[in-house]
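Peer 1: Please read through the structure below; I'll follow up with questions.
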Amino acid sequence: MNLLVIFFIALRLGLTSFGGPIAHIGFFRDEYVGRRKWLSDRSFSELVALSQLLPGPASSQLGIAIGTLKGGRIGGFLAWLGFTMPSAIVLIAFAYGMTEIEMFKNSPWLHGLKLVVVPVVGFAVWGMASSIWIDRKRQIIGVLAAVAVLFVPGVLSQLVLIFMGALAGMLFLRKQSLEQVNSDAIFSRSPSKRSALVALVIFILGLVFLPVLYRITGSQQIDLVENFYRTGSLVFGGGHVVLPLLHSETVGSGYVNNDQFIAGYGISQAIPGPLFTFASFLGASAQGTFDQRWVGGLVTLVAIFVPSFLLVWSVLPFWSTLSRNYRVYGAVNGVYVVVVGVLLSALYDPIWNTSVSNGRDFAIVAALFGMLAFLKLPPWIVVISGVVASWAMGLI
């Protein structure tokens, strides 16, 4: 397999794949199964299941897995690079444009971007809750998680809730999970089991030693890397689910302010590619870290995605066994139930609280939500509409 082919196919997907992780999976299937015939539908479904099982960005991990199976680890890296590069470049450039945030603090277009985030995240919560909170048991666990985060905000409480969700899933959701376990796919070009174990060890060492290194050095650069590495390692559900944890790690730590954070997240809805490239905007916007903004953007981008590489490479050779383990699926289902609750709490605070301040804002948000939920318009149109509506309201 020509490695350049892997890269340029992924690059085209990175330039054209709008709509978030679920839509990305559809684009990937059309390209890799329908057009290229690289995978059967069954093998593709297996890789989708694997990407959903692992923490991190599902569509990016799917691309890494496909690239790895077709071109080894270099193929996996090139598939990620092509898919990620376009949106990362745009977001780093946007961070440069917002250098003087105070100049734009009260501008209608910035307020419009903040309003856009409300329906986008709200629609994501609605869709995820509809598909994940499918019975009373899941609904109770999810709502309790949302309430807990509202009363005890912060990164630590979110991580504790994720761990508790995994335990609850193993205890209470494993029977439902067992019905989904029917995998028997064998990927002959997966990395060796020995190299997979090496990748897993490196992944764990990163989680353990990066915080220690920060405590020893006190370096803000190390702190930023550790924050994004941990986020990429522990966020289940991908996409919008990363929002509350990144907010705690960046706004809560003083690296960016809330206006920057929400405006950057708003613009990320208007561009193709993975939502996790929002990390590049945050790294390029972080105060007092790197001398060059683009360096900060690249460092945080790599930091949040490195766990995805390590996890995909460590799990691929063992996937046939793991996919039949009902405890694993139960734990993951429990985590998904909790992260929907965490995202629901983030929708209220900080998103709603810092964006919607009057009746006109509410009207714009309601209209934008209708465009997403009922008219099924693509997110980039909703972003433009939100900015234009906010600007027009500012003229009245």
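Glycine too: its Cβ is placed from the backbone N, Cα and C atoms.
According to TrEMBL, the protein has these features:
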- 77-97: transmembrane segment (TRANSMEM)
- 109-134: transmembrane segment (TRANSMEM)
- 140-173: transmembrane segment (TRANSMEM)
- 194-214: transmembrane segment (TRANSMEM)
- 262-282: transmembrane segment (TRANSMEM)
- 294-316: transmembrane segment (TRANSMEM)
- 328-350: transmembrane segment (TRANSMEM)
- 362-393: transmembrane segment (TRANSMEM)
Peer 1: Mind checking which residues reach the transmembrane segment (109-134)? Cβ under 8 Å, same chain, six or more beyond either end.
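Peer 2: Apart from its flanks, the transmembrane segment (109-134) reaches 20, 142, 237, 239-240, 243, 259, 262-263, 265-267, 269, 333, 336-337, 340, 343-344, 346-347, 351-352, 354-356, 361, 364-365, 368-369, 371-373, 379, 382-383, 386-391, 394.
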Peer 1: Report, as numbers and ranges, which residues of the same chain sit near the transmembrane segment (328-350): CB under 8 Å and 6 or more residues beyond its ends.
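Peer 2: Contacts of the transmembrane segment (328-350) (Cβ under 8 Å, skipping residues fewer than 6 from its ends): 52-53, 118, 121-122, 124-125, 128-129, 132-133, 138, 141-150, 153, 158, 161-162, 164-174, 176-178, 180-181, 235-237, 240-241, 243-244, 247, 251, 258, 262, 322.
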Peer 1: Hey, would you say the transmembrane segment (294-316) packs against the transmembrane segment (262-282), going by three or more CB pairs under 8 A that are 6+ residues apart?
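Peer 2: Contact between the transmembrane segment (262-282) and the transmembrane segment (294-316): present, because at least 3 Cβ pairs are under 8 Å.
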Peer 1: Using a Cβ cut-off under 8 Å, which residues of the same chain at least 6 positions beyond either end of the transmembrane segment (262-282) come close to it?
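Peer 2: Residues packing against the transmembrane segment (262-282) from afar: 14-18, 20-21, 24, 56-57, 59-60, 83-84, 86-88, 90-92, 94-95, 98, 110, 112-114, 116-117, 120, 228, 231-232, 238-240, 242-243, 246, 250, 255-256, 297-298, 300-301, 303-305, 350-351, 354-355, 379-380, 382-384, 386.
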Peer 1: Under an 8 Å Cβ to Cβ limit, what residues of the same chain, 6 or more beyond the ends of the transmembrane segment (77-97), are close to it?
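Peer 2: Long-range Cβ neighbours of the transmembrane segment (77-97): 3-4, 6-15, 17, 59-60, 63-64, 66-68, 71, 264, 267-268, 271-274, 277-278, 280-281, 284-285, 293-294, 297-298, 301, 305, 308-309.
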Peer 1: Take the transmembrane segment (194-214) and find every residue of the same chain, 6 or more past its ends, with a Cβ under 8 Å from one of its Cβ atoms.
Peer 2: 222-223, 225-226, 229-230, 233, 306-307, 309-311, 313-318
